[in-house]
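Okay, so here's the structure we're looking at.
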């Protein structure tokens, strides 16, 4: 039975610009029963905020799909801030590193599955599924990972352990139940997914929680239930009932597992006869050894490595049928929002083929049973069957979503800040580098930044070297730059440590750089993916967050793609200017905190201290997981000021404690992949340490 509060947006701002009309029209179309609705939202118009207000209007559980983990995290963060009293969850692949199992027949090379799982992301995945099965006020922000196989929601719910004060549950019986759903007993190291026993007290850290659960028995009855801090043991709150969901999504009861083992053995016998009949004795031997080992593991402990390859048997599905996915955890009336749909929709359609081609080899050469191919992502048709009403968000909607909506779309091009789309200027290629250098110097003098996009890696490298020779502060962003370094480069650009960023594909959706006033597109007339109309519009959008934003296209002719991009930009710009004039709006520069570019999902650990301060019987943590209180992004130092106090007047001991506190926050941010935030803490700590050394040198305390 799903419970939960109503969706409620908490924001210091009201809808503005095109937002009110867009929200009303989206709501009207969805309530009228339209299955597919497109929101054409220009860069910087507040599509995420529009989504939050739409969810509040419709009061329906919502899945928001984003094209990658970074944008999913950014979206989740924004929605958490606007929906602080609801469950905004984050569901992406939990692998930090993943090498899938594969066999290369040409070289007779078997590559064993190798992966590194991020425990925090795994917890957030469990948090999403447990929230979906227990409440309705849920928004899940997910990557394309949500179309991959997951255990069935019915098994996940059926195998959960419900606890209530006053009920009779023998302690040893509870321990057996916990082991059955893959919790491990560990009285020495208390970690997520484990439990420990101390006399009549059992303590568990559920797979989806940062807090532990304490169950106190009196005889065979449950006397009390508490949430507590797993490290200190301090009680956070007392509850009357709770539900412990399984530690893995692939879980089955003893009867279901026995049936699965029986059908696996039947399939194994059939496949071995087939392989041996074709003289493939080596393949048959491989398959027999591996499968029998896995069966024995499942028989003894209810689990085995790679159990997902047997998911068809465990779920009791027929051959060729689609697996259960995150979509199956939603109620039937859920709303789907696809962000950056021009990128995300093709991703969804392409996942199945890449997966099936790899698994065919594994089956053919005896590494897996044929049923392993049924542990797979959804095909496009299967995905379409599982979704209901869908809202597509994009500045450049793709052909699929436009065809689904009959070519109609809701438009959101007027920004709440009054900012207008940049001017587009076409310049000849002759003397383009000298012209570019002049433009760069003009902007560097007034503390503005420049993005330059080229067509090839060689051209980007040569241009970067030449600009350096000319005394320009420039950096080069390319595909080999890792995530941490990429975020650091963007941060340095915004801080003014250099003035120009050169790259090949700088149209990155979500690249949010308000300081950039010029985007230079070299070889704009060379038709291709990087110079298509859609790509050009996305690239133009990178200059749309600056009052004096301009785009310079260097080309000797105007291609059809250029004309389409320029015409669309001019159309939007004319509408924006007319709106500003009619309403007396003066465009305001976007002031976005530099630490906010790529802030990732806040973890539950962020508010554990605040939760601990709530007395037993109090309201405890906010019901929505992983959320800081509104307007409390964590303590930070800014220009020598901390929480309103001048750090130069702080006592030495207090300053040392502050450094220790910020160091701890830096480590948490780095662990959670909040690299920009971690770098900001690092710089602040360095400044404070200088101040501390100065105090020591002066003999001050």
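Don't overthink the numbers, they just go from 1 along the chain as shown.
Using the three backbone atoms N, Cα and C, a Cβ is placed for every residue, glycine included.
As annotated in Swiss-Prot, motif 'Beta-hairpin' covers the listed stretch 94-117 rather than the other ranges in 94-117, 118-141, 142-165. Ranges compared are 606-636, 637-667, 668-698, and Swiss-Prot records region 'Disordered' for 606-636. With every protein chain in view, the residue among the binding-site residues 43, 45, 48 whose Cβ has the most Cβ partners within 10 Å turns out to be 45. For the domain 'UVR' (656-691), DSSP puts the residue distribution at 33 helix, 0 strand, 3 coil. DSSP assigns residue 41 (ATP binding site) to a strand segment in the three-state reduction.
Across the binding-site residues listed here (42, 46, 47), the residue whose Cβ sits among the most other Cβ atoms within 10 Å is 42. Listed binding-site residues: 41, 44; maximum Cβ neighbour count within 10 Å falls on 41. On the 0 to 100 pLDDT scale, the model's mean across the domain 'UVR' (656-691) is 79.
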